[in-house]
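Novice: Provided herewith is a single structure, encoded as structure tokens, for subsequent inquiry.
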Amino acid sequence: MAGLIDSIEQKTGIVGQNRMEMLLFRLPNNPQLYGLNVFKILEIVHCPPITVLPKLHKSVIGVIDARGITSSVIDLSFAMGGPVTRNLDKQLLLMTEYNKSIQGFVVNRVERIVDISWDKIKPAPQGVGQKSYLVAVTEFDKELVEIIDVEKILSEISPDKKVIADHPDDVKAHLQEIIRPNAKILVADDSKIALKQTVNTVKSLGLEAIEAHDGKQALDIINKYQAEGKLSEIELLISDVEMPELDGYSLSSAIRHNPLLKEIYVILHTSISGVFNESMLKRAGANGFIAKFDPDILSTTIINAIESLHNGFNPAEGVLENIDKAKEASDSFKYDKSKGS
């Protein structure tokens, strides 16, 4: 297992190339193949003894001490509507980090790590419905791989208590005074939960949002506005990093390298809060980088972006305005593997 996780840590050169390293795994008593981005996985361990606590969510088995951090252990099978996992001593634990939270997901076995282009990863079929925990699908060796919407699972287990409060009228009035006529905020995210959170934050500022469910759809919307002579109506783009068809880095890079689109302000919004690569972000041409999900920080970032544009800031010339703050936020959240298991 150590060799596999070492491979995860070494394979970071594909970032920004519209490719993903994906860990393939299976759940107990379930032949379906599942996948997760390796950047979300901190390590893979055999399931240790678990401390059971009262009043936990029904999908949370208990807690463990993970490298000095008390972390929840989630029965991924049960959380997705499957049977309760038995024989925990025979299972594996995927230790993951999402939105500055560390948790372990119980799985039965890990297959391998594969390198897949994002354009081979497709959004989950529309027919799967609101109860589905799929965010995307792909194929490997002629087998369907289902990519899980972990953010949805975590939101059900621990609903975000941060209230997206409506901003004061004077703040909204100020933004309406300085924003461009008919301006909208384009939000791109493949997770329904994350998309809703971001759009609601935009609306709390009295601003209009356009929704895109992956990077390709976002780029298509931008190109449509440009072709119709209405590109100035897209004030800025807030984009997730991991998305089917076209990831956030590649979307940002495509915008920045197109002379007709390069002046769009781009904010990358990611749940991988412990990963920060300054040179990669600069190559992507992003103007901002923030971790999910804090409505106050997101609101402030949006307001600062609109004010910068009003004051003559050129997004094509001022890549990553808040690079120091982004790095500080990333460095403040570390999972120390030097500590004992």
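Quick reminder: no glycine exception, Cβ is built from N, Cα and C everywhere.
Because TrEMBL annotations are produced automatically, they should be read as predictions rather than curated entries.
As listed in TrEMBL for this protein:
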type	residues	note
DOMAIN	19-159	domain 'CheW-like'
DOMAIN	184-307	domain 'Response regulatory'
MOD_RES	Asp240	4-aspartylphosphate
Novice: Near the residue listed as '4-aspartylphosphate', how many other Cβ atoms are within 10 Å of its Cβ?
Specialist: 27
Novice: Counting by DSSP secondary structure, give me helix, strand and coil numbers for the domain 'CheW-like' (19-159).
Specialist: 24 helix, 72 strand, 45 coil
Novice: What three-state class does DSSP give the residue listed as '4-aspartylphosphate'?
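Specialist: It is coil.
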Novice: What are the helix, strand and coil residue counts for the domain 'Response regulatory' (184-307) according to DSSP?
Specialist: 58 helix, 26 strand, 40 coil
Novice: For the domain 'Response regulatory' (184-307), would you mind checking the mean pLDDT of the predicted model?
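Specialist: That region's mean pLDDT is 90.
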